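Chemist: Grabbed the feature section from TrEMBL, which reads as follows:
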type     : residues  : note
DOMAIN   : A:98-317  : domain 'ABC transmembrane type-1'
TRANSMEM : A:12-31   : transmembrane segment
TRANSMEM : A:104-125 : transmembrane segment
TRANSMEM : A:137-161 : transmembrane segment
TRANSMEM : A:191-209 : transmembrane segment
TRANSMEM : A:248-276 : transmembrane segment
TRANSMEM : A:296-320 : transmembrane segment
Amino acid sequence: MVRSVLRKAAGWVLMIVVATNATFFLASWFLDPRSNFRELRPVRSEAQIDQALAPYGLDPRVPVVHRWWDWLTSVVLHFDWGKSPTGVPVNGEVGYRALVSAELVLVATILSVVVGVALGVYTAARQYGFADRISQAVSIAVLNVPTSVAALAVVFVAIWLNQHAGLRFLYVAGENSPDVTGTLPVIGDRLLHLILPTLTLTLMGYVGYHLTQRSLLLDTLDADFVRTARATGLTCGQAIRRHALRAALIPTAASVAFGIPAIFTGAVITETVFGWNGMGRYFIQTIAKNDVHGAVATAAFAAALTAIGAILADIATVFLDPRVRVS
Amino acid sequence: MTLATPAPVPAATGAPAPVLSVRDLRISFPSEAGPVEAVRGVGFDLLPGRTLCIVGESGSGKSATATGIMGLLPPSADVGGQVLLEGRNLIGLDDRELSRVRGRSIGMVFQDPLSALTPIFSVGRQLSDALRVHQDLTRRAAWEQAVELLDLVGIPDPRGRAAAFPHEFSGGMRQRVVIALAIANRPSVLVADEPTTALDVTVQAQILDVLRRAQRETGAGLVLITHDLGVVAGHADDVAVMYAGRFVEHAGVEELFRRPTMPYTARLLAAVPTVDGGERRPLVPIGGEPPSLVGLPAGCPFASRCAVALDACRADEPGLREVGGHGRVACLRAGEIADGTLDPAGGAAPADDRVPAARAAAGEVVLRVEDLVKTFPVTKGAVLKRRIGTLHAVNGVGFELRAGETLGLVGESGSGKTTTLMEILRMRRPEGGRIEIAGTDVATLAPGARARALRQDVQIVMQDPLGALDPRMPVSQLLAEPLRAAGRDRASIRARVRELLALVGLDDTAGARFPAALSGGQRQRVGIARALATEPRLLALDEPLSALDVSVQAGVINLLARLKSELGLAYLVVAHDLAVIRYVCDRIAVMYLGHIVETGETEAIFADPRHPYTRALLSAVPVPDPARERARERIVLEGEQPGAARLPDGCVFADRCPLYRRADDTVRQRCRTRRPEPALVPGRPGHQYACHAV
């Protein structure tokens, strides 16, 4: 088990290295940091611009292979991922934003999986029943609502609630309030700010798990072995939970693990609506501002998350399906 | 709890009370065409330690009866009547109450052992779970009991194998585990729904023995559901014959087989091919098809197929009535038939589709196979596949087939029969050996007109006609397709399609219908007609009858015989059902692990099998006659056919061979070290067997 995970991890590390370096070259060719300076007044000459970029390793007069080598050595030796065209260190930005994203993503992922799978199991056992039809209709409706619309709807509802309850506990913008001090109040304040974006992400995320888990479980519900389990004296519900669900969870576990990197860097709209500075927005900003090093660091971050997700998926599969352990 | 109707009063003191009483069980399923009345008033009593066999064709409602007794029907099913288990009515109990009964008082064995066990739990875990559902046991104690149960059902090395997963067991071994699950809590009633249908005949004999042992061990009453009248003859105390959702005859096994009294039972017995007894008797098929259970018309549902039906039969459905000295029969004319004054077959057998008495003289050689070899690589690894072994699927197989002759390849699954067939149909240079079709060596065949012509000479009939026919094409299109591929013009295609329909005994209106609208027997006739379209000389039949019901099988067997003599075809038949093989084939070749171990004239081999494997195979087939079935001595092979990945140097059968065990050391030495060469039986040309010990 440990050996096979280590072997898989080594393969993924290689994959991350290749992907990150390829991204560096692509970003260097397509992103032009000089354009950030051309709009500035007073107008600067090309030479002046290049001069300004040189300290950050972005001078276009230096051959791209040299720039790559400098970047690579600083990453490998000092774990320094470079600076943006305006001189902001990438490490600090990514570190801070990854934490912000993690806050958002962790709770939202857990909630979407729990809600989605539970709903899938509940409705699959009552196929075409009242609860199944209603939840199916709701889920399909939600599936078709764009994130921006859903997020704004959540904001409106929150404002309405705040006004009518006469409270101000649902924060519609920002990660925290600037005037709060002390450890506990700060944590409480951040949690309150977390409610609405988490709600939005959960709403967007649970639908997929509900619909796929329902159909996966329906496939195994009619399996002969579930009938055998019932014949040994399990009630229908017990047979589903102990025998059918475990087999039907394997694909879901894999999709959760692989879904984590996607929502880490893909929650752009939710972050924007609620004014959170997470990885999603950062990714868009780096590309818009021709920040080569920032874009590459984001890509490396996403690749690492994919690797972690894949290994988690393997571990989950082994946990759920003991047959894998045998071979 | 109060019952709507009083529970049956136990008979006079001394007689044991029934453990299971079913009263007027009715089950219907909703469908688009209206409610399907799958079970229409079934009732019986089951005494402890006794076996009731329920026989019937597919769709007769026997499986619905079994699942109805277990309370495992889908929630959409509408169930009425009573199922009294130890005096308590199970119908109407909710899932929670039923779950306390299931597994503890009533256990069930299912048909398909490959899918009946949860793939992600070890068999020991599944068994100990089943024990702990009803008993307060520690994990360790339950595991110990699970190991004992595995030992009881004959799993070798039960302690080691308990931790193995279902996919590590063969089908027969898995069915043993399913039986262990069913008897884990010593239920008083066992329900077995076609427990051996998915298994090979030699394994079937083992499993039936295990089932009998399990029944003896627990003293349970057994409801055994099957379509195999041989199994019934060997295992039943009482037999109930089911037709269109009702019992039509319910009698003791001796009485039923001595004089089947319901015309359906009598005709069913006459339509079953058998392996034993002297000369083979002609099969008399029951015309027509079982009725649909949606909106059943008034009257006896069998009347339309019955040769002795009266007008009164079509007016009212007869109930089960007591017939003196026999049992209970649902037929107006049961009295006359029981007296012997009326022949239930109506005297004459149908004139068409009769087996021609004389065998046509064998013509020229259509197919010659010499020393055919086919191997498959055994690989390991997901990305970089390493070859870790070789599976010898077919190893040095050779035979000859002449026009007007039928050769049957017989053997258990995995013996290489189908691989041989497919190698011939592939029409490419084989891996080893030679294949010659109509005088042409296929290795020399270049793609082109000659190859296409030869392709038309060899056609195949598949096992499952529903899967083999495109459901989106009407029959006439299906039959025209091979002709269009052969480049015939439109007018001749239309004429040929009509001719083909007539040839296989279908009327013209069938041409416009889709396969789904045909019955099983009609579909297989279409499959045969399609194969015949290009006027082939060799027809390969891959399990042509195994998807068909007994009453329909006989008709197709007779059709094949007629076509062969009319068209001078050569048949190469692959089948696992030896009784069917006996009726279809002139010669047979018995295969084991890719080798032909015995070959010869069908009747010669059935009368005097020489190779120990052939003997075991023949003796494993149950005979539909209780007296002979119970008296005869059977050779039950131990173990199962091993994989063909690592063949021994000597005889491939030595590991399971009963003769090897009794042989002296010099013979054993030869069996271990040298592959036996085929030896001729003196005085019988063509009868060869490969064994050192005979």
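Residue 1 is the first one shown; counting continues down the chain.
Note: Cβ is positioned from N, Cα and C throughout, glycine not excepted.
Let's see these features in context: how buried, what's close, how far.
Modeler: Outside the transmembrane segment (A:12-31) by six or more residues, the chain places 64, 67-68, 71-72, 287, 290-292, 295-296, 299-300, 303-304, 306-307, 310-311 with a CB less than 8 A from a CB of the stretch.
Distant neighbours of the transmembrane segment (A:104-125): 131-132, 135-136, 139, 194, 197-198, 201-202, 204-218, 221, 236-237, 240-241, 245, 249, 252, 256, 259-260, 263-264, 267, 270-271, 276, 278; these residues of the same chain sit at least 6 beyond its ends, with a Cβ under 8 Å from one of its Cβ atoms.
Residues of the same chain lying 6 or more positions beyond the ends of the transmembrane segment (A:137-161) and with a Cβ under 8 Å from any Cβ of it are 119, 170, 172, 196-197, 199-200, 203-204, 206-208, 210-211, 269-270, 273-274.
Here the transmembrane segment (A:191-209) has long-range neighbours at 103-105, 107-109, 111-113, 115-117, 119-120, 139, 142-143, 147, 150-151, 154-155, 158, 169-172, 174-177, 252, 255-256, 259, 263, 267, 270-271, 273-274, 276, meaning same-chain residues at least 6 beyond its ends whose C-beta is under 8 angstroms from one of its own.
Counting residues 6+ beyond its ends, the transmembrane segment (A:248-276) has Cβ neighbours under 8 Å at 98, 100-102, 104-105, 108-109, 113, 117, 147-148, 151-152, 155, 172-175, 196-197, 200-201, 204-205, 208-209, 212-213, 216-217, 219-220, 283-284, 298, 301-302, 305-306, 308-310, 312-313, 316-317, 320-321 in the same chain.
Under 8 Å from some Cβ of the transmembrane segment (A:296-320) lie the Cβ atoms of residues 1, 4-5, 8-9, 12-13, 15-16, 19-20, 23-24, 27, 71, 81-82, 90-91, 94, 98, 246-247, 249-250, 253-254, 256-261, 264-265, 279, 282-283, 286, all in the same chain and six or more residues away from its ends.
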